[in-house]
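Going by TrEMBL, these are the annotated features:
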type	residues	note
TRANSMEM	A:6-31	transmembrane segment
TRANSMEM	A:79-100	transmembrane segment
TRANSMEM	A:120-141	transmembrane segment
TRANSMEM	A:162-182	transmembrane segment
TRANSMEM	A:202-218	transmembrane segment
TRANSMEM	A:255-275	transmembrane segment
TRANSMEM	A:287-308	transmembrane segment
TRANSMEM	A:320-345	transmembrane segment
Amino acid sequence: MPTWAQFVLLSAAKSVVVIIILLTAVAYAVWLERKVVGRMQNRWGPTRVGPFGLLQPLADGIKFILKEDIIPTNVYKPLYIAAPMISVALALMSIAVVPFGEQLRFGSFSTPAQITDVNVALLVLLGVTSVAVYGVALAGWSSNSKYSLLGSLRASAQMVSYEASLGLSLIGVLLLSGSLSLREIVNGQSGTYFGFLPRWNFFPQFIAFFVYLTAAFAETNRIPFDLPEAETELVAGYHTEYSSMKFAMFFMAEYTNMFTVACVGTLLFFGGWHGPALTFLPMVVQSFVPLFWFAFKIFLFLFLYIWIRGTLPRFRYDQLMAFGWKVLLPIALANIVLTSLYIGLTTP
Amino acid sequence: MAHLSPTPVLDAGQERTMILNMGPQHPSTHGVLRLLLEIDGETVVRMAPDIGYLHTGIEKTCEAKFYQQVVPLTDRIDYLCPMTNNLCYVLAVEKLLGLDIPPRAQWVRVMLNELTRISSHLVWLGTHALDIGAMSVFLYCFREREDCLRLFEAVSGQRMMTSYFRVGGLALDLPIGFLDRVRDFANKFPERVDEYEDLLTSNPIWERRTKGVAHMSAEDALALGVTGPALRASGVDIDLRRDMPYSSYEKFQFDVPVSSDGDVFARYILRVREMRESIKIVKQGLDGMPTGAIKADAPKVVLPDREKMKTQMEALIYHFKIVTEGFTVPAGEVYQAIESPRGEMGYYVVSDGTSKPYRVHMRSPSYANLQALAKMCEGKLIADVVAAIGSIDIVLGEIDR
């Protein structure tokens, strides 16, 4: 087989595997959220479908597919139909450059645990996530409904504003690691500080991390920044007029984005797949240990998302914008200056 | 048919504004309130509330019922505080009849009214927090409300539509062990209020969303007829329980929290404090609960005991006459106001000397408080409208009647 055919086949196979795993993870993230928020609120969460409600995502999926797909009369159809697809496609696309671990070994065959290893992966990610705002903006505009329009206006403004802080918060990490390749950023975090503290970017860059975290919440429209779909004000925001699978696509896109920002946060600030070596495990599973650590860190991120959702109220639109531009952005800029100064003074 | 419609019509004033129809089906208009908002971007330029989507004709229905049959109707006006409405109505009729109510009945009425206030405030707090995005508080509040409803179920057999008070007293005596259950609730409830406050009171996001939002001055509040916590939050110290005591409220010690901030936060913190005061009143009610009769000594008005009906001829006759013909009330008119969780709840009852009221009119606090909404919201953001609706604590059933 020629090399290019191998490459195509391998990439296709990896894409399929990653997308299946990702969508399953998304479905179970929804289950987890319902379960955890339920427990925080003295409820059980899903219990009826399967043990512990474990089949609930499946039931939800079937329900979404079988529901009547209503397209209101006055929508602009081409964009109305395209918008959820744009959202979900871009959300899935961003995962292509995310590395999940080191080499995966199956006997003599080995391949990196990543769909494509681009050397400007971080730029690709930022680019793809900023295009994602089109899905939301077009959905609101094409729905021809006032609530949708208001929701999408909010969403666009919010995503564009917080994109700036998000991007700037990452620059500190880039300065430290000197690379845009996610794999190299992670490899730069192996080892320890002072012999006990993991060499994670979180420790020197904790300001950047909090800016990133806040901006990431805003980017993914989660409480306390869930204004675009603030159900008590704008009914359901930009997806008010969507039903059935089209609604489910927005839903999937939102949760996939949560995974993406959790992945990026883990890779950039928490050493990605690095973790204590589990030497007691048999050799066969050893190559999956990094994957486990990666998944575990992402789980913690998701739990944080859910925890905050169970706790905090929602910002107001003007407060949100003021916070983004007047608080987060200056902090992110200050962090860049500080990091640059530190690097400039310590390296000859 | 537009000229026949009472619906307020707003024309978009300028090129840049648009009309947004909020409700009657909207997650945070607390039922079926409809608001017409003229918005410029997200800023509300003008607003007009539109009511009538829950019109039940209860006031008119009252005229076709015997006096005792009106009691269940009063539950359904304000379904969050049925006992308050029961009490107000029976007090009005008792005033017309000139009945003396035995102390035990009065104390039970006060105690249950304060529990009703707590359960009503819990629904308010939960939904208000939910409107502002704090989801968990909603479920915590409903957990305690559930306890309250179980207490109501114990006395009346019904969780919400209690109809427990009767003209002349109570329907039944308290069930065995009821006071202990109330005491358990009263002992654990203050901790639960602390829990809600932990989540909200000093939360920076909550403060930003509520402090200085939807401000209303004392003059405006008085001019618009606002009553209850919304009025006290604007600095006017009026509480009918203290200023015009009814049903022996004068024998209870409690504070009336007042604030002069006039914003959403003031209304929030006032109602939270009121819950704490209510639990104090409940505890006093438990400690000093008198024994004795639960019905007035008025055989022509109050249904006789079962035992008497089996042994005494007159009792049986009275029972038959009251049930089939009702009791007559001397001609006259009366206005009785009490402090409901939402403000001054008033019943205006006119009697023409027959066994059915000539007219029953309810002065509902929500109706008056709603008039202040436009004043609070114009020039503010849509998100503030939601906070303001929550802060005046309206119940649409009471507005439309």
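Every residue gets a Cβ built from N, Cα and C, even glycine.
Bear in mind that the values here come from a model prediction, so they are computed numbers and not experimental data.
Among A:202-218, A:255-275, A:287-308, A:202-218 has the largest number of CB pairs under 8 A with the transmembrane segment (A:320-345). Across the candidate stretches A:162-182, A:202-218, A:255-275, the maximum count of CB pairs under 8 A to the transmembrane segment (A:79-100) is reached by A:255-275. Counted as Cβ pairs under 8 Å, contacts with the transmembrane segment (A:162-182) are highest for A:120-141 among A:120-141, A:255-275, A:287-308. Sequence-distant neighbours of the transmembrane segment (A:287-308) (same chain, 6+ residues past either end, Cβ-Cβ under 8 Å): 29, 32-33, 36-37, 40, 100-105, 113, 217, 222-224, 258-259, 261-263, 265-266, 270, 272-275, 277-278, 281.
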